[in-house]
Amino acid sequence: MGKVERIVFLSLVLDLFAFTIPLPLFPRIIEWYTVREISDPNGLLSRTLRFVSAVRGIFYKPLQNSQRWDVVFLGGLMGSAFSICSTLQFLVSPHIGSLSDTYGRRNVLLITMIGNILSALVWIQSTTFASYMLSRIIGGLSEGNVQLATAILSDISTPRNRSKALAHVGIAFAICFCIGPPIGAYFASRPVPLFVGALQMELNVYAVPALLTLVLLIAETLFLTVALPETRNTQPDKPAVHVNEKSNAAPAVRSVQERTEILRVLRKLHFLFLGIFSGVEFTLTFLTFDLFDWNNKQNGALIGSIGIISALLQGGYVRRVISKVGEGKMAQRGVSSCALGLVFLTILPHFVSTQPKIAVGLLRAAAVCLAFTSATVVSSLTAHASLQCDEGFDKDTGKPAAVYPELAKGKALGEFRSSGQLGRAIGPLLACASYWTFGPSVTYGVSAIAMLTLSASMKTVAVLPGKSS
């Protein structure tokens, strides 16, 4: 791993550690706000819950635990609000990418960190549901770290080692899903430090995890300021030749039109996959909350186990195999694994009351499948998209050759990421709406069919490296 790769990887670990800390806390956060604000009929939470209950009543009337169904859907709204503002990444990501093409990756990355820090500060003091939602929105609007890290790693890698370089993003995700949720759950029960309590401010019930998030983000910002060089217009150490390591055959040279079409297909796949997967991912802790009555610690352990398995797969399988099977094929395998996991989740509710051990076993099997999906799909699709953006360098001057605007790394990868973020915005809302309307079995069953269909449609990108698609 080169110097810049190490810097990017460590910064991603800090950033994604901060991102994953609140993941197991969502159900209990909503309950806390419900108890705190339910007596205020004019509060945002009361009005939102009345709206949710009214809409649910039109389509579905659960026989029991109606309030829990409403909490599940409200959680989807919260997750969707964060993702929508992350996907003003649907609108903002291409502009962030274009700005990084013009002003440099480092400068734009440091600016986005300011918003992330502000988001954590608001969370610490968010004693109302409205202020908590504001913190999520600020964080979503400021989220450019992963996108710019991808562009930086693309700047410093050749097409031949691009997939291995970008695998660091997936490994960072996996590591942080191992440590972030359990640590978030642990610190959720810890008292506020005395020096903070001495300020005599009213704080969020989970102010300690929020403080930890703030410390991590500040540390990341300082680290990037000191250590990260500018990588825009950097020529990789080796010639940018993408060689099939299995056959040593040079790839077919694609035209601009072909590469643009491949990017369009990849954006569509990214949107559809994350639209389904993010809904499953977000409702998983609500499933355990609803059917098993799990607490923060148990939810943190579940998410952490997914992260551990994903990290092992990233380092021990994906990095070694992807050059042999190709980015598209690896992504297709991950989508198929997700479909299998969804089948397990579909049949799980039927065993909760009668055979709870089998139900827990099915949940664990689904977690393994989802871990494989997390390790493979997004990183592989991102690497495939990045390979379409290589502009090359002039042999005489060593400067970047003339590029087509639509294939400039920052802009093209920004558009690719924005399509996925749009899926992340829609997915939690649709999944949670389906969950309380039709129940978990129907929700996950339909999602499994959708994933199988998506896997079958990936034949055009599931080709060996160097072969025409």
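Cβ atoms are placed via backbone N, Cα and C, with glycine included.
Since we're looking at a predicted model, the values are computed, not measured.
Annotation comment: TrEMBL describes 8-468 as domain 'Major facilitator superfamily (MFS) profile'.
Annotation comment: TrEMBL describes 7-26 (among others) as transmembrane segment.
The transmembrane segment annotation in TrEMBL covers 71-96 (among others).
What TrEMBL records for 108-126 (among others) is transmembrane segment.
As annotated by TrEMBL, transmembrane segment applies to 165-187 (among others). Under 8 Å from some Cβ of the transmembrane segment (165-187) lie the Cβ atoms of residues 1, 5, 8-9, 12-13, 16-25, 146, 149-150, 153-154, 156-157, 208-209, 212, 295-297, 299-301, 303-304, 306-308, 310-315, 318-319, 322, 371, 374-375, 378-379, 382-383, 386, all in the same chain and six or more residues away from its ends.
Look at TrEMBL and you will find 207-228 (among others) tagged as transmembrane segment.
The transmembrane segment annotation in TrEMBL covers 269-289 (among others).
Counting residues 6+ beyond its ends, the transmembrane segment (301-322) has Cβ neighbours under 8 Å at 20, 23-24, 163-164, 167, 170-171, 173-182, 185, 284-285, 288, 294, 330, 363-364, 367-368, 370-372, 374-376, 379-380, 383 in the same chain. Look at TrEMBL and you will find 301-322 (among others) tagged as transmembrane segment.
Per TrEMBL, transmembrane segment is recorded for 334-352 (among others). If one looks beyond the transmembrane segment (334-352) by at least 6 residues along the same chain, the residues whose Cβ comes under 8 Å of a Cβ in the stretch are 273, 276-277, 280, 287, 291-292, 358-359, 362-363, 365-370, 372-377, 380, 439-441, 444-445, 447-448, 451-452, 454-455, 458.
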* Count the CB pairs under 8 A between the transmembrane segment (207-228) and each of 7-26, 108-126, 269-289, then give me the winner. => 7-26
* For the transmembrane segment (269-289), could you work out the same-chain residues 6 or more beyond its ends whose Cβ comes under 8 Å from its Cβ atoms? => 23-24, 26-27, 68, 71-72, 75-76, 79, 83, 298-299, 302-303, 331, 335, 338, 341-342, 345, 348, 363, 370, 373, 377-378, 381, 385, 416-417, 419-424, 426-432, 434-435, 440, 443-444, 447, 450-451, 454, 457-458, 461
